[in-house]
Amino acid sequence: MSRTVDLKNFRNFGIMAHIDAGKTTTSERILFHSGRIHKIGETHDGESVMDWMEQEKERGITITSAATSVSWKNCSLNLIDTPGHVDFTVEVERSLRVLDGAIAVLDAQMGVEPQTETVWRQASRYEVPRVIFVNKMDKTGANFERSVLSIQQRLGVKAVPIQFPIGAENDFNGIIDIITKKAYFFDGNKEENAIEKPIPEQYVDQVEKLYNNLVEEVASLDDQLMADYLDGKPIEIDAIKNAIRNGVIHCKFFPVLCGSAFKNKGIKLLLDAVVDFLPSPVDVPPAKAIDANNKEISIKASDDANFIGLAFKVATDPFVGRLTFIRVYAGVLKSGSYVKNVRKNKKERVSRLVKMHAQNRNEIDEIRAGDICAVIGLKDTTTGETLTDDKLDVQLEAMQFAEPVISLAVEPKTKADQEKMSIALSKLAEEDPTFKTFSDPETGQTIIAGMGELHLDILVDRMKREFKVEVNIGAPQVSFRETFKSTSEVEGKYIKQSGGRGQYGHVKIRFEPNKDKGFEFVDKIVGGRIPREYIKPVQTGLENAMNSGPLAGYPMIDIKATLFDGSFHEVDSSEMAFKIAASLALKEAGKQCNPVLLEPIMAIEVTVPEQYFGDTMGDISSRRGIIEGTEQRDNVQLIKAKVPLKEMFGYATDLRSFSQGRGNYVMQFSHYAETPKSVVNEIIANKK
């Protein structure tokens, strides 16, 4: 079977935004105007195609990323709609890892919001080209120019309007294309009735100014265009579009469009921008991989190469079981074939291949380079693992996921629920790398940990609905961490003689702080002081021991451990002995390396009417918060602050109380920071 769509006509893109900016509504309109669906479902009615989970329909928010495919102007578009709530940031992370482009959706009244900044940073980390869609131009308080300014100031990027709205709020009735200098007026809420007219007189000067600014900006990215511009030559429309496309692909230029997804205004022009400016798989740099010799190689998108793909998501389907979503970077994968999981060095059979449309499946025979699909039949492959054919032994770059910041205890209501709960937790943890479950060694309770109260609430609800498990839950707890503040060289020695073969493991390890870099293990053994087969057990022993820190038993993070010396016994040494020796070394380091307790710090933005500004500032300060700035927005005050998560429980209720229900806030994880001594003493006392 040959390729039906040329690779240069593929677009793999996602839609990302702050919650309530209109991502899913934009996705629904893309499906409708591209002919993929024939009836529009609204998010607020619980009828959108892309929000298919029961919890999504009930709450009117996106919880899991949903994939679909549409066609537009001879191009095949793979679209992934991602959540906007910070608790589900894992869905954005793994989607951006495999996408070639993205649409960043903004609320025209709010401009850049906290989660906008978060997803923008995620996209920048993976160097994902983006176009920006200022949505909700029909909303009260909508301001396109202010939104563009917020992009430039808060995101610090070259954001240049290529469209301008005709009117705003209730008077929003058209869009001016800055590139072509054409105006499009909308008849009611049906974009197919858009009428091209001359630019209204009151906008002519504004458009000319924006056009000159646009040409100057794109000319700075294209030498020939710059020469023509300086010589006063007329600039062709295609030349401008090509320069914009080149700038977008290299993440040096971010075109800004506008519209109202809910009112069907600007969606077709947005689809045109996806085709015109976002890259195909052959336009982006080749994927990087590490071969068996630990050398970096490039994976070029080609059907003729050996198969290599990345599993970026695992989901449980009630009808077909485990679904593994993959992006194919090279080669062809056929239904019924075998793939190799490189990390686990294990072969698995591909039972079936399906293209997804939200929760609906369309079975296909094969998937080719540059495309995205779901695989049925893979039992052991998890998120971030590389799949290849037998001829390749390379691994694509893995994904990095945030550590959980909140936890709570769960227990089955009946004995019959016990086994079902274990199965449910295991499957949910397979799906979500930011969801952790473990047993408290002191109480024996099962603890679940995640990115926020809503995250855990949804997971508990899924246990009840999907797995029929009834559980009791405890109060939410902060997920503290421990680390070292100073450097020390320590020794760990495990020697046991009790008749017969003994145990012998001996290590010398240098421990030092490794701020914001996680755990790093360095092997500096030379001259065979410790045989190679015992190096990995030393690392494993440290990783296991780091699950319980020396201060209060919390997991340890941000530590660099350098194994530089040690010894072994020809007969008595074993992997277990070196694991224990490593754990003893860490225990000794806990006495010498100045261990400290870390607490999660949250970035919050509080919006309150002017008269409650003082009370709000005082309340934040009383919670150990640090005010980072304030901003006047229309008739309300916006307060930005960093506050320990420990102090934020119950904040929603308190804010409603002292603002008479007129205040609101958003919160997201910022970083871990050292906990004050007084708080540490309280926490340690409570743990005893």
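Even glycines carry a Cβ here, placed using N, Cα and C.
Swiss-Prot annotations:
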type: BINDING; residues: 17-24, 81-85, 135-138; note: GTP binding site
type: DOMAIN; residues: 8-282; note: domain 'tr-type G'
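Taking the features listed in Swiss-Prot, we show where each one sits on the structure.
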residue : record           : DSSP class
Ala17   : GTP binding site : strand
Lys23   : GTP binding site : helix
Thr82   : GTP binding site : coil
Met137  : GTP binding site : coil
### Query
Lys23 (GTP binding site) has how many other Cβ neighbours within 10 Å of its own Cβ?
27
### Query
Just counting, how many other CB atoms are there within 10 A of the CB of Ala17 (GTP binding site)?
30
